[in-house]
Amino acid sequence: MRKDLIELDGSEGGGQILRSALSLSMTSGQPLRIRNIRGRRSRPGLLRQHLTAVRAAAEICAAEVEGAELGSRELAFRPGAIRAGDYAFAIGSAGSCSLVLQTLLPALLAANGESRVRISGGTHNPLAPPADFLRDSWLPLLQRMGAEVDLELLRHGFVPAGGGELLARVRPARWRPLQLEHPGAALRRQARALLAGIPGHVGERELERVRQRLGWSDEERQLEFLAEVQGPGNALLLRIDCEHICATFCAFGQAGVSAERVAEQVATQAIGWMESGCAADEHLADQLLLPMALAGAGSFTTPRLSAHLQSNRRVIERFLPVRIGDQALDGGGHRIVITSA
């Protein structure tokens with residue numbers, strides 16, 4: 001694979017461009033330069049979560065890095081050889097552990113031995129996939145594609161306190177293609193209201209609204225109290241296990257937002273996905289594109305194309321010899337198809 005310098009404009013997207021570019025630079029060996037990082041955001045440049053991802057990526061592949069500073073709007077990253085090992089990274093805030101781990105996994109799956117990665121920060125952050133999504137929805141699909149990863153949620157961490165912790169065990173693997181046309185029949189459903197230092201009636205009201213909107217039984221709805229020291233925090237998670245996929249939807253309690261409104265948000269997400277008949281919801285689609293591209297082929301259906309998916313597609317096609325196509329479905333939605341370029 002060529003080792004030409006890849007130059008990207010980071011102004012058109014947020015941290016997604018940075019994370020995908022780091023993953024691809026590590027796995028392909030191609031040096032990277034990003035300008036205007038998060039240029040259109042209210043707080044442009046690298047935040048703590050992004051900086052942790054950069055420094056972690058650099059440690060794993062012995063990269064030469066310029067611009068790895070808080071607030072930096074330009075980054076140069078020249079990767080070396082990927083090294084298996086026992087790693088620990090602390091974000092130092094409630095920044096997302098999930099997003100940092102997703103940045104590192106493709107490289108560690110290409111390493112020369114087994115690795116352990118411990119990441120501390122936010123495990124349940126409204127601006128990122130919760131750890132439950134990684135464990136229950138995303139990683140099982142990667143495992144079907146050949147990835148060998150085990151993930152433990154050691155401690156929950158909510159915004160703004162953080163303090164959560166994930167532990168991943170990663171073994172070298174070879175990617176293989178995956179096709180996801182539809183979810184298949186629903187097999188199991190579960191709603192969980194997580195409460196850490198939050199009154200129990202908040203979760204009870206959330207679960208009652210889930211019953212009203214979705215008709216889920218008492219056995220399918222669960223109140224889960226976490227240690228107060230892990231809070232304050234509240235998340236409502238819906239999990240739908242189907243024949244071919246497990247879908248996870250999440251909404252977070254926030255000041256000024258009623259418990260009923262939180263439940264409405266997550267129920268609306270789930271209903272929209274179920275009615276679409278597509279395999280991957282919008283957020284899962286964002287996260288599937290890169291591993292499928294690394295496999296060199298694959299396809300999935302999704303109800304709509306997010307801005308994240310569109311910008312991610314452009315970054316991937318700069319690094320890898322793949323073509324990512326979009327086919328409109330007759331009943332609505334899209335089929336994303338990855339083929340060799």
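Glycine too: its Cβ is placed from the backbone N, Cα and C atoms.
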Same-site residue for ATP (record: Swiss-Prot; known: H283, L284, A285, D286, Q287; options: Q49, Q102, Q143): Q102
Residues satisfying Cβ distance under 8 Å from Q287 (ATP binding site), sequence separation of at least 6: Q102, P129, W138
Count of other CB atoms lying within 10 Å of the CB belonging to H283 (ATP binding site): 23
Non-site residues, in chain order, whose CB comes within 8 A of the mean position of the CB atoms of Q102, H283, L284, A285, D286, Q287 at ATP: P129, W138, A280, E282, L288, L289, H308
Neighbouring C-beta atoms (10 Å sphere around the C-beta of A285 (ATP binding site)): 24
Residue pair H308 (active site, tele-AMP-histidine intermediate), L284 (ATP binding site) - Cα distance, angstrom, rounded: 11
Residues near D286 (ATP binding site) in space but at least six apart in sequence (CB under 8 A): Q16, S306, H308, L309, N312
